[in-house]
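Features of the protein shown, as given by TrEMBL:
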{"type": "DOMAIN", "residues": "11-85", "note": "domain 'Cation-transporting P-type ATPase N-terminal'"}
{"type": "TRANSMEM", "residues": "65-83", "note": "transmembrane segment"}
{"type": "TRANSMEM", "residues": "89-105", "note": "transmembrane segment"}
{"type": "TRANSMEM", "residues": "252-271", "note": "transmembrane segment"}
{"type": "TRANSMEM", "residues": "283-307", "note": "transmembrane segment"}
{"type": "TRANSMEM", "residues": "694-718", "note": "transmembrane segment"}
{"type": "TRANSMEM", "residues": "724-742", "note": "transmembrane segment"}
{"type": "TRANSMEM", "residues": "762-786", "note": "transmembrane segment"}
{"type": "TRANSMEM", "residues": "798-815", "note": "transmembrane segment"}
{"type": "TRANSMEM", "residues": "835-854", "note": "transmembrane segment"}
{"type": "TRANSMEM", "residues": "869-890", "note": "transmembrane segment"}
Amino acid sequence: MKNNYELENRNWHSISSEEVVNRLETSISEGITEKEAENRLEQFGRNSLPEGKKENSLIKFLKQFNDVLIFVLLGSALITAFLKHFIDTGVIIAVVVINAIIGFFQENKAEKALEGIKNMLSLKAHVVRGGRRIEMDSSDLVIGDIVILNPGDKIPADMRLVKAINLKVEESALTGESTSIEKNVDIIDENSALGDRINMVFSGTSVSAGTGIGVVTATGKDTEIGKINKMMAEVKKITTPLIKQTSKFGETVSISVVVISILIFIFGFIFRNYGSKELLLSVIGLAVAAIPEGLPAILSIILAIGVENMAKRKAIIRNLPSVETLGSVSVICSDKTGTLTKNEMTVKSVVTSDSHYNIEGNGYSPRGRIINNEKEVDIKSEKTLKNTLLCFKTCNDAHLGKDTNDEWSIKGDPTEGALLTLAKKSNIKLDNLDREATIPFDSEYKYMATLVKYNGENIVYIKGAPDRLFDIAEKEENKDGQRDFNRAYWEKQMKDFASSGKRVIGAAYKKVPKDVISIDHSDLNGEIVFLGLAGIIDPPREEAIEAIKECTEAGITVKMITGDHIETAKAIGKQMGITNAEMALEGKEIEAMDDDELKEVAVKYNIFARTSPNHKLRLVEALQRKGLICAMTGDGVNDAPALKRADVGIAMGIKGTEVTKDASEMVLVDDNFRTIVNAVEEGRRVYDNLKKTILFILPTNGAEGFLIMASILFGTLIPLTPVQILWVNMVTSVTVSMALAFEKMEKGAMKRPPRNSKEPLLNGYFIWRIIFVSVLIGGGTLFMNVNLINRGYDLNEVRTITLHTIVITQMFHLYNSRTIRNFAFNRDFFTNKAVFIVSGLLVLLQLSITYIPFMNEIFGTIYMKPSHWAFPILMGIGVFIIIEIEKFIMRRVDKIKENK
Ligand code: ATP
């Protein structure tokens, strides 16, 4: 581009499309060259909007201090300073700062993980460059690029349309108007408003129907959406219902702890014989001990790790709370083609009114013969077959060719690719006919039609779902000419193909007058001549069969929703191992039912055939009304409402349109059903680990709180100083608390039914277990303390032993917490290395506080005799065994309940 002058004329809508193409020095068929694209990229910059303002790191760091606990701690620091306990003050402040630093880094790490995942979902555009059609990141688009638009595409830049076929665009992102606007290429008045510029399409809007071609006129911040400076990227908070629930719980605990501490202070002051200074310090200790400060940060890390793992396993989460929802999914509604099957289509049989033909070969290589009576057929002498193949070849948008590895491959729809391959297997070269007009395939209508000129006549070729063609066919072609359409014969042929799991496509044609230059759905009736049927195989994905089996064991129902014929659907359903696959419901039956009827039927049937996207929405609603948590897959633009409605909307990464991805909670990178089940597995694992972490951390605080509260109430020696308590909290939260995030999925996790999504986290059992372990550890330590003092141990010696006892017992308790119900020493004992690494680290930290003199000074600990290590270790082992006995009893109780 020579200068910016041309670009200053932003009235692209008021000049002809040819003029636009000229001024932007591009060409519709060739686009611009790669070299020119590079220059323009340099001149005008990337096609992206400036990112939403990132929060300043300092502010982010300071925000870590905005927390009830920190206020309590800072208050405590002030009081200790006032009491001239400056070491305590120093340690408390150090802990506050260290805590903030840890929180800051954890939050950053979680955000980075999510950022990386967001980048995996970058917007793509289909562009003509240097004469080739390529798919590229839309951020690389430049002015003058030629962009091809299809239904469901997000419009990546502002463009002047040069071609529009029934193109409708939804512009609510820009104008707030949610109905779709029909676009065309006509010149319009210079002064028309944005919403009236129907020959332009704008960045951020989306194609709701039809196709088109546009030339890019503005990119990045120069686009209309860039000008109004609407930020595309919103920063999402790392949270889910469970995390919200726990942080609220944490706040309630903090406030109650402060209140209890004050009451205990008053009690101790009046009824016990402590000095007020000592009492105040102990009460501060109590407050510090009982508040679970690290919990929310640890939970968000677990969640972020889960999201990262899912991305590694090819499931990209777009919406964090879905990680939890995934764990409670009870029904998965899946598309068939490409998700349960491989979407590698091969035509295996063809039938015309003259004969049956078998087709050799597999995949898209055109090697293989067309066989009849065990001999290769000569197409020249099989007029009906030749015409059928010509219809399949002509009424087709796919391209067949060799890829860079010299392998045959297709670009476009695999069904159409298979039909092209079939046509190429013919022993003569079929004519290449120029298409005058086309009605593209649409899963609503289930056919495609093309108008061509052939041998001086105007012919419309139609290919599509046989039942749709049977409804409109009047004649059928055979070797002798034409005769009346014999529906019964064709129905039988179709059923034969379909019941072996083949997808069936019919071919037909209609002659139209020579002056016809365009076609519409309403033209497809009268005088339609049926040609033949093709039976296409699409092998099931082996891994999807496995995954369906796993779902059944995990109490998750798999339902298949397909546009294919009912018999094809049932046959594939059976091959896939879907339960009840012998019965299926058709789209038209769904239409005839009211919502109440559908609710009952939707749970009974697992196969839904000949459906259109609006049936999906009704099915999701019906299943949800039955109380099921529903995951639903989709790819086309019309699937978006059903995905939005589903509890977990799942979009296809390869086949899916941008609009569907936008409406989804999760995107499958490989379109594979197996990936959904992997994500469910990961969802269950994450939820289990969140629960385990809570179950592990809360008793730490509970035990410390209990120990101090009980000692004040009983009037015994206060067993830990505030700095010692801070030490315990610090070392446990930076080491052992993190370990459970890496816990692998438990063996039985996919053998139990889905979690009831309404069940609160802190259910009866959880509360019991937290209190039980708190009292066990706290009470045990107190008992040991009293004994040691009675035996005349020195105060600092007792405190040192107590500190170790709490920490070491927590370490043993970590091994209990690795599984909520199962025996700790199971086959998975060595699967989580993190547990052993953090245990080692913890031991080192404990040794340092005991044997490094300056640490002794700060924390009031003393050099401990080796034999004294027996106290914490024995206590740890004791607690470990008691909790395992509790788990054993609980397993028994579970069994008894199950057998009832
Ligand atoms: P699923 O929902 O399992 O992914 P699908 O979405 O592929 O199935 P549709 O694409 O709606 O189902 O196809 C329904 C029917 O339309 C097919 O059984 C076939 O007969 C016909 N059909 C599919 N693709 C084409 C096409 N490109 N041209 C003409 N007819 C087609």
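Placement of Cβ uses the backbone N, Cα and C atoms for every residue, glycine included.
Just so you know, TrEMBL annotations never went through curation; they're auto-generated.
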Predicted model, mean pLDDT over the domain 'Cation-transporting P-type ATPase N-terminal' (11-85): 83
Contact yes or no, the transmembrane segment (65-83) and the transmembrane segment (283-307), 3+ Cβ pairs under 8 Å, gap 6+: yes
Chain residues in Cβ proximity to the transmembrane segment (835-854) (below 8 Å; excluding those fewer than six residues from its ends, i.e. six or more beyond): 727, 731-732, 735-736, 738-740, 742-743, 800, 803-804, 807-808, 811, 814-815, 818, 861-864
Contact between the transmembrane segment (252-271) and the transmembrane segment (798-815) (3 or more Cβ pairs under 8 Å, separation 6+): no
Touch test for the transmembrane segment (694-718) and the transmembrane segment (798-815), at least 3 Cβ pairs under 8 Å: yes
Long-range Cβ neighbours of the transmembrane segment (89-105) (under 8 Å; 6 or more residues past either end): 60-61, 64-65, 70, 73-74, 76-77, 80-81, 288, 293-294, 297, 722-723, 726, 729-730, 733-734, 858-859
Interface check, the transmembrane segment (762-786) with the transmembrane segment (724-742), three or more C-beta pairs under 8 A: no
